[in-house]
Every structure is written in C-alpha cells, then in structure tokens.
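Written out below as structure tokens is the structure these notes cover.
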Amino acid sequence: MAGGITDTGELYSPYVGLVYMFNLIVGTGALTMPKAFATAGWLVSLVLLMFLGFMSYMTTTFVVEAMAAANAQLRWKRMEKRKEDDEDEDSSSGVSDSDVLLHDGYERAETRPILSVQRRGSPNIFEITERVEMGQMASMFFNKVGVNLFYFCIIIYLYGDLAIYAAAVPVSLMQVTCSATGNHSCSVGDGTKYNDTDKCWGPIRRIDAYRLYLAAFTLLLGPFTFFNVQKTKYLQIMTSLMRWIAFILMIILALIRISRGQAEGHPSMAQLSGIRNLFGVCVYSFMCQHSLPSLITPISKKKHVNKLVLLDYILILAFYSLLSFTAIYCFRNDTLMDMYTLNFTNCKIISVAFIRYFLGLFPVFTISTNFPIIAVTLRNNWKTLFHREGGTYPWVVDRIVFPAITLIPPVLVAFCTHDLESLVGITGAYAGNGIQYLIPAFLAYCSRKDTQLVFGSGTVNKHLSPFRHTFWIVFVLIWGFSCFVFVTANIVLSESKL
C-alpha cells in the first residue's frame, strides 16, 4: 500500500483474477455480517447491502480508470525522456523544454497535447501493464495536502484492521476455552450470555483470560512488526482453503437445521438503530480498492475488466446474502455472536468435536497469518509519509520507533474493548469510507483533469469508467461526506441516551 511502482508479477487469466478478487473481498468482515443483519432487520440490510455493493463497484471502476491514466503518463514521461536523450546526442547546446515538464506534473499545461505522440508511437498508451499502487497515484494526481490526507486515511484504516485482528483472535480463544459452566466445548453457542466478570478457570475471569490471550498474541506476532514479512503463495492458498471450508460448512449446517425445522430465528424487517454498524460492516466487507493494482495489473486480458469486476460483485453480493439470511433464520437474534463462527461451537448444533473446534478456532489461524503482513504494511506507510527526498532515518527511528507506533495503538484498543461489531463498524464507517468512496472519486476527477492537460481533450482512456459523467463523482463525494455526518451524529445521539 505504500506508494511506489512494484513488479507486475506473473500474469494470469481474467477468471483467475476473478477468483483472487473474490478471495480478497470476502474476509473477516463477512464473519460479522450476520450479527449486523440481525440488528438492522433483513429488509433494511438487504437494500443497504445491494446499494453499498453498487457504490463499491462504481468506485472500483474509478480506481481502474486512474490506474490506466497513471500508466499512460508513465509511458509519456519515458517517451519524452528518450526524445530528450536523442536531442542531447544530436546537439550539445541548449536545454530541452521537457526538463521542466518532468520536474512537475502540474506544469504540463504549457506543453503541446501529445495526441501526435500517441498516434505515431503507442495506440495502447492507456494499457495497464505497470503496477502503480494507490500511494503512487496519489503522488501523481494529488497535491501535497491531498497526498498527506491519503496516507492519513489509509493509516487509520490499517490501525482499525490491526485492532480488529488483535481482538478477534483472543475473543475466539476465550469463547472456545471459557465457560461459566465448565463445559467449554458445548456452552459457547447455546445462547447463554456471559459477562466479562464471569469465571473462566478457577479464579481467572473471562476478561482476564481474554487479556492473557491478547498478551500472548502480541508477544508471538508483535515481533514480526520489527522485521520484513510477506505473504507467500502457499500461505495464501492455505488460508484461502481454510476460509472456504469454514464458510461452506457454516452455510450447509445452517441450511440443514432450517430444513429440519430447527430454525430459531425470527428476524424483523427493519430496525433503524442497527444501521450504523451495518453500514460500517458492509463498507468493510466490500473493501478492495486499496489492493486493486495488485489484482488488476497481472490480468493478461483487460478488455472486459469492468464486466469481470461486475460479475465478481454480483457473486459476492449473492454469497453475503446467503450467509447472512441462513444465519438470521437459523439462530435467534440474541444468540448470534459478533464472530459468526462461534455460533457453531455448541454440541446441539454440531456433534462432531473436530468441526466445532475448527470453526471456533478458524479466525485464530487465518487472522494470525494476516496480522504481521498488515502490521508491516502500516509501518511502511508511516515511513513513506515522513520520508523526505534523499533523507534516511536513524537506526532507532527506523527499527524501533516506527514498529512501536505501529504495534502499540491497536493492542491498546483491543485491550480496552473486544466488541468486534463496533470495531468493524467504526473502521468501515470512517477510514473505510474514505478509502472506498472519497479517495477513488478524487482520483478519478484529478486523473481525468490531468489527462486532458497532457494528452488533449480528444483523447479517450480505454479503461474509462462506465460512470464517466461528472455527476457520478459528485454523487459519490456527497454520499461519502454524508455518511461521515450520519455515522458521527448517530454515535453522539446513542451516547447521549446512555
């Protein structure tokens, strides 16, 4: 996520890209969606889910368009550089005008439109062949304030991500291993409500067990923040396989209970008080914009990339609906847990102990592999934000300070609360709102403006978004800022009633 141009990687077919995008979007957020559905009502939830899916698809096409514009400008710079080098070889006197152009992208208005360059040299100048991350696009199309706001937004989102991960693992371990009755394998998902002060083992309270697990989680995975770590291909395959086994198991088990007449859920149609968390959960669950350069660039044939993305969103929408509707009709609203997997740790639901423990501990395995990667990404974004051209960081700042400010805040948040639904809701409603709506809309607007200055008004981006009218950009911006106001007002009103 840190700004920079990275290797494209091995190319793959459009259908492989579809699978990769599906795996990226359907993650931890999906596990909190059934509880959010139950608290907001099935009709309100379905309508909001469909609308937010549409909005996310629209902004995804904005990012793809900006990626194409960034690739075009990088090609143009190289063409101008080669042209300048050729002129230098022919004549040793004078300075080329392109020196000024390469110095500042926003002074290119003084130059000729390069339609002539496009016609004679590269008919596919907008082809996406180089992976340009969002940070690099922000540097190309935004001013200094915009770049800083971009990094601020993505850093806050990553902090929220880490806080969710840091809380989800200890919560799962606590729920599986603790119970007031002492029968930990059969009492977690039976609808019994436990307080944090209830006993876990002997004198140890549930909240104490949670914090012990949090401490162990921090000590085991925290040190990776001080080193470089990346997600390997085989680790990705393993975590994806475990995730899909878990999701399919939960859907099948819920459908079996419903078909046998054992369904306990009677969801309401609408509960407006639950919309705030549902909004955040849905935004979080559709998040992919920050990873699009890594997903889209290696696709071998990008002619129908927007249709491919649309198909992905339709499949994901159907999957989220199936998962959530089977959950809210299978379980009573008051028994649905923040982490949906924990509803399947009850002996009455599943008699096979291995499946109970697999689903109960599933978040522990998958999240534990992602935590160090997200932490290193956040650390690198901090470094990029404060980096100055030609400067280097002292060893203490580079190896101690940056990793420490990355690790400590999310652990402190997880220490203070383990309310996963609220953590996901707030992260999605604020930082997720910025990354999913505001940043892509500004990228689309600024890249279109910059493309016209450089290439002339007659040039058409081959990956131009289907939502090409300026109305859609304005609509997304108004929607994004309105969501900030709505969520903040809802939180203030909710707190004032307490």
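Positions of Cβ are set from backbone N, Cα and C atoms, glycine also.
Look at TrEMBL and you will find 12-33 (among others) tagged as transmembrane segment. With a threshold of 8 Å between CB atoms, the same-chain residues lying at least 6 positions outside the transmembrane segment (12-33) that come near it are 164-165, 168, 240, 243, 247, 281-282, 284-288, 291, 295-296, 298-302, 304-305, 308-309, 311-312, 315-316, 319-320, 323-324, 338-341, 363, 366-367, 420-421, 424, 428.
Per TrEMBL, the feature domain 'Amino acid transporter transmembrane' maps to 20-67 (among others).
Among the features that TrEMBL reports, transmembrane segment is placed at 39-72 (among others).
The feature domain 'Amino acid transporter transmembrane' is assigned by TrEMBL to 135-467 (among others).
Summarising the annotation, TrEMBL assigns transmembrane segment to 141-160 (among others).
The transmembrane segment annotation in TrEMBL covers 210-229 (among others). Same-chain residues lying 6+ beyond the ends of the transmembrane segment (210-229) with a Cβ under 8 Å from its Cβ atoms: 166-167, 169-171, 173-174, 196, 204, 368, 371-373, 375-376, 379, 399-400, 403, 406-407, 411, 414-415, 418.
Taken from TrEMBL, the feature transmembrane segment applies to 241-258 (among others). Packing against the transmembrane segment (241-258) from elsewhere in the chain are residues 23, 26-27, 30, 319, 322-323, 326-327, 329-331, 340-341, 344, 349-350, 355, 358-359, 362, 365-366: each is 6 or more residues past its ends and has a CB under 8 Å from a CB in it.
The transmembrane segment annotation in TrEMBL covers 278-296 (among others).
Look at TrEMBL and you will find 308-329 (among others) tagged as transmembrane segment. Distant neighbours of the transmembrane segment (308-329): 14, 17-18, 21-22, 25-26, 30, 33-34, 37-38, 42, 45-46, 49-50, 53-54, 56-57, 60-61, 64, 247, 250-251, 254-255, 258, 263, 265, 267, 285-286, 299, 336, 340, 343; these residues of the same chain sit at least 6 beyond its ends, with a Cβ under 8 Å from one of its Cβ atoms.
Annotated transmembrane segment per TrEMBL: 349-378 (among others), in sequence order.
The transmembrane segment annotation in TrEMBL covers 471-493 (among others).
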Same-chain residue ranges lying at least 6 outside the transmembrane segment (39-72) that approach it to Cβ under 8 Å: 125-130, 132, 134, 136-137, 140-141, 267-275, 277-279, 282-283, 286-289, 292-293, 296-297, 305-306, 309-310, 313, 316-317, 320-321, 324-325, 328, 333, 421, 436-437, 440-441, 443-444, 447-448, 450-451, 455, 461-467, 472-473, 476, 479
Helix, strand and coil residues within the domain 'Amino acid transporter transmembrane' (20-67) as assigned by DSSP: 45 helix, 0 strand, 3 coil
